[in-house]
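In TrEMBL this protein carries:
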ACT_SITE  S67  active site, schiff-base intermediate with substrate
ACT_SITE  H72  active site, proton acceptor
ACT_SITE  C87  active site, proton donor
MOD_RES   S67  pyruvic acid (Ser)
Amino acid sequence: MQTKQILGQHALLDLHGCDVSVLGNVDNVQALLLRAAESAQATVLFHHFHHFGGESGVTGVLLLAESHISIHTWTEHAFAAADVFLCGERVNLQAACQVLVQGLNAQQFDLKIQNRGLL
């Protein structure tokens, strides 16, 4: 019997009750995602982040050799939505998600993990 394998895992992470001083600061959000990638042992190829101005939130993405990590924040709701998609056996999806939860000081979070590329 042949063993099934997955090509990657995709985490959808909703973070509630987050620290708005982090959510609204593009430098803090960028540093947080870079820490998440490092903790997952992923390789960052490129990153881009954008602050929407004033008291608004941030959007950003890390392009990884192993796929991507992205985030969109809403300071007015103390909320962030993050995607962490990692491929390969040496990366640690849970570690990346834990860094995001702790770094945003989320009071509540909902984590859904989907296996991708079941062969």
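The backbone N, Cα and C atoms fix where each Cβ goes, and this holds for glycine too.
What TrEMBL annotates, mapped onto the structure for a quick look.
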{"residue": "S67", "record": "active site, schiff-base intermediate with substrate", "Cβ within 10 Å": "20"}
{"residue": "H72", "record": "active site, proton acceptor", "Cβ within 10 Å": "17"}
{"residue": "C87", "record": "active site, proton donor", "Cβ within 10 Å": "18"}
Round to the nearest Å and give the CA-to-CA distance linking C87 (active site, proton donor) with the residue listed as 'active site, schiff-base intermediate with substrate'. 6
